[in-house]
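What follows is a single structure, written as structure tokens, with notes after it.
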Amino acid sequence: MLDQIRGGLFGAAVGDALGATTECMNKEEIQEKYGKIKTIIGGGWLALDPGEVTDDTDMMIAVANGITQSPENPIPAIGEEFLKWHRRNPRGVGRTISHVLSQYQGDWFQTAFHVHCAQQGKSSGNGSLMRCLPVALAYSDQEMMEKITFLQSKMTHYADEAAEACLIYNRIAFRLLKGENLKTSLKEEIMNTCYSSVCFRKEPDCPPDGYVVHTLIWVLHWLWNCHTFEEVVIEAANRGGDSDTIASIAGGLKGLEAGFHRLPRRFTEILRVKQELELLSEKLCAVRQRI
Ligand SMILES: [Mg+2]
């Protein structure tokens, strides 16, 4: 169990660190500048050092910290972790999250609704999907897992599309932790949803951007079509667009399936947040055994 949990957290962080190099580029620009990115080299529009991660991993860590502090009622603690992170002035924060975190005055759900309205009813970014994995790692009770998954999305993203994407994703993660097969879990969880055609298409007909539906379509596409963890994160990174987030979300599930011991050391050893992720894996595993 611990190896799988560690695989999930590290898998997501590796995807983020690898994909950050190519974020906002298209696949032709990537090919021209890098050929094919296969290692974590940093750079990108955020000018990262190799092994540095972005908001995706930072917010995933915030969710994990909130859960380990207060597993029975984690939303207030998760919120405190978000605010703590935001006070450090992180770069590259998504629009919806940035607005919610700067306007928060005591009620997450109310703030998310105001921001949703101010954005003309648009709050379907991938910002709650990219951070939700720790919920599936921590809770072995499915009802509790689904409730927290839903609420952590609604804290910043009022749109149902965002919460639905988080639920589909975490239900797949939940099954993997019970030893189920990735492809079977994926196929069953997307049945009768807007994602069901992913398994039948050669390539998605939407851009790999930050709209949560597009993001999840690409994540599912890579998970369905690639065999190894390495292949998933490399392909997602080299496709560009919102590549750090897409590689991170896909890498989280593929890493969870593979387990930490199967992730390439050249990816995991270079991560700046390595020790934090090690510690959080153990803490989440301990929560899972209690709840
Ligand atoms: Mg990012």
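Note: Cβ is positioned from N, Cα and C throughout, glycine not excepted.
TrEMBL lists THR54, ASP55, ASP56, ASP242, ASP244, THR245 with the feature Mg(2+) binding site.
For ASP244 (Mg(2+) binding site), the count of additional Cβ atoms within 10 Å of its Cβ stands at 30 [all protein chains shown]. Listed in sequence order, the residues of the same chain lying 6 or more apart from ASP55 (Mg(2+) binding site) and placing their CB within less than 8 Å of its CB are PRO90, GLY92, VAL93, GLY94, ILE97, GLY127, MET130. The Cβ of ASP242 (Mg(2+) binding site) has 27 neighbouring Cβ atoms from other residues within 10 Å, across all protein chains displayed. Less than 6 Å separates the Cβ from ligand 1 in the case of THR54, ASP55, ASP56, ASP244, drawn from the binding-site residues THR54, ASP55, ASP56, ASP242, ASP244 in sequence order. DSSP classifies THR54 (Mg(2+) binding site) as coil under the three-state reduction. Taking the mean position of the Cβ atoms of THR54, ASP55, ASP56, ASP242, ASP244, THR245 as the Mg(2+) site, the remaining residues of that chain whose Cβ falls within 8 Å of it are ASP16, GLY19, ALA20, GLU23, THR57, GLY92, MET130, SER248. The most crowded of the binding-site residues listed here (THR54, THR245) is THR245, judged by how many other CB atoms sit within 10 Å of its own CB. Long-range Cβ contacts of ASP56 (Mg(2+) binding site) within its own chain (separation 6+, distance under 8 Å): ALA12, ASP16, MET130, ARG131, ASP244, THR245, SER248, ILE249. Secondary structure from DSSP puts ASP244 (Mg(2+) binding site) in a helix.
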